[in-house]
Amino acid sequence: MAEFQEKLRLQHETTMHKELEKLLTTAKGAEQEISKKDFEGFKNLFHRFLQVKGPSVKWDKIHKPPEDLIHPYDKIKAQALPDSVAASLNKLVVVKLNGGLGTSMGCKGPKSVISVRNENTFLDLTVHQIEHLNKTFNVDVPLVLMNSFNTDEDTKKILQKYTHHRVHIHTFNQSRYPRINKESLLPVAKDLGMHGDHADAWYPPGHGDIYASFYNSGLLDQLIAAGKEYIFVSNIDNLGATVDLFILNHLMTQPKDKRCEFIMEVTDKTRADVKGGTLIQYDDKLRLLEIAQVPKAHVDEFKSVTKFKIFNTNNLWISLAAIKRLHEQNTMDMEIIVNPKTLDGGLNVIQLETAVGAAIKAFDNALGVNVPRSRFLPVKTSSDLLLVMSNLYSLDAGSLTMSKKREFPSTPHVKLGSSFTKVHDFLMRFESIPDMLELDHLTVSGDVTFGKNVSLKVVSDSRDAGGYSWLESVFPAGGRLGGP
């Protein structure tokens, strides 16, 4: 049986290589060269996919990370910033993962151009933050956007409006990989075209592709030559992921013989984060454990807030020189995420992906930093959008901070119904964004609209036995809420 399986694997791999060569003949010039590089990465991923058998981790080998490898943010912040902070900033590059579309929120084009606060988009806020840093410290921190083939064209048009801002902006593209027919394990694509029905045949292979695509773009070498040493990577829709001078200083002041090549920001897990990846100690290395890697018998244990107390925010600080070294040595070993999809015509396909944080085990002297929850403020849904548009947050130089007027440090739990899913519908249902400074919990379902000057707050004697606020009791299935 083992011999049969090996022959079958070799056959799949050989046939895949032939199909990829056929696809390359349908392109010319620069497109062919770019696709050739992309396909090299895809071949490597496909080869590993065929060899994977069973879970990628053995549960009995998993241990909690040693305390000296997860540094508390409070201790880092207690260290005074040196006068050389500007020199450290000049060695930094900010990278935003900008490959996603706004389709899940009912928007066309890149998600980064959705307005989130005072008509400012995710991209506007990012540019304002970095420009403020550059002006305040008289430094040159560049912004790099990792686009996908879905977002690249639109993003480049939008970037023209930042020409006169004090921030140098660079872009590079994620790889473009072919979706695989689940039954035949062959590419769905018949040529390299991207228009019409052909668009469904391709996908960007997850943010773990950053290492290869950054290297292949030539931008990695360019930044190293310019004296840059570290990148700060985060999702563009995480509004809490700003450049933190204390973490940067901590990174730069590690002993030379223990120079840290990778910092992952983690934060305390709540019940809302039970599926988030966590840091573990495995084979004497820090490692990211994702729920997809967990054997079914241990999923409930993985979700436990008591055993796995932290989760990955995907805010990462990574050495440029280390990325170059590991890529050239081909030792950037990241677990494969097999993502099943069904295309519009009903065809079942799989796409092979990797996650950027999974590479932590390949870097020397990697650390975790347990940061406040405020550094994890993702906007994935209209419920998240309501929070960041409200007076819960103050906006200063592109950064959102919790209002000092709010008495509780925690963010309210907001769950808006399906009528609010699309941004356009969401905006139509609010004549103005409610006052939420005293809100604890909000659930809205049905055909509900909000008038002007609405204030949402906990009324202690108006809660039912389940602890739900009065708004849920009064408007469980529809209505209009007016103010004040």
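Residue numbering: from 1, along the chain as shown.
The backbone N, Cα and C atoms fix where each Cβ goes, glycine too.
Keep in mind that TrEMBL annotations are predicted by a computer and have not been checked by a curator.
Sequence annotations record features per position, and here TrEMBL assigns UTP binding site to Lys111, Gln174, Gly206, Asp237, Lys380. TrEMBL lists His207 with the feature substrate binding site.
Less than 8 angstroms from the CB of Asp237 (UTP binding site) sit Gly100, Lys111, Ser112, Phe122, Pro378, Val379, Lys380, each of them six or more residues away in the same chain. Cα separation, His207 (substrate binding site) to Gln174 (UTP binding site), rounded: 8 Å.
Maximum C-alpha to C-alpha distance over the listed UTP-binding residues Lys111, Gln174, Gly206, Asp237, Lys380 is 21 Å. Residues near Gln174 (UTP binding site) in space but far in sequence (CB under 8 A, at least 6 apart, same chain), listed by position: Gly99, Met146, Asn147, Ser148, Phe149, Pro204, Pro205, His207, Asp209, Ile210, Ser213.
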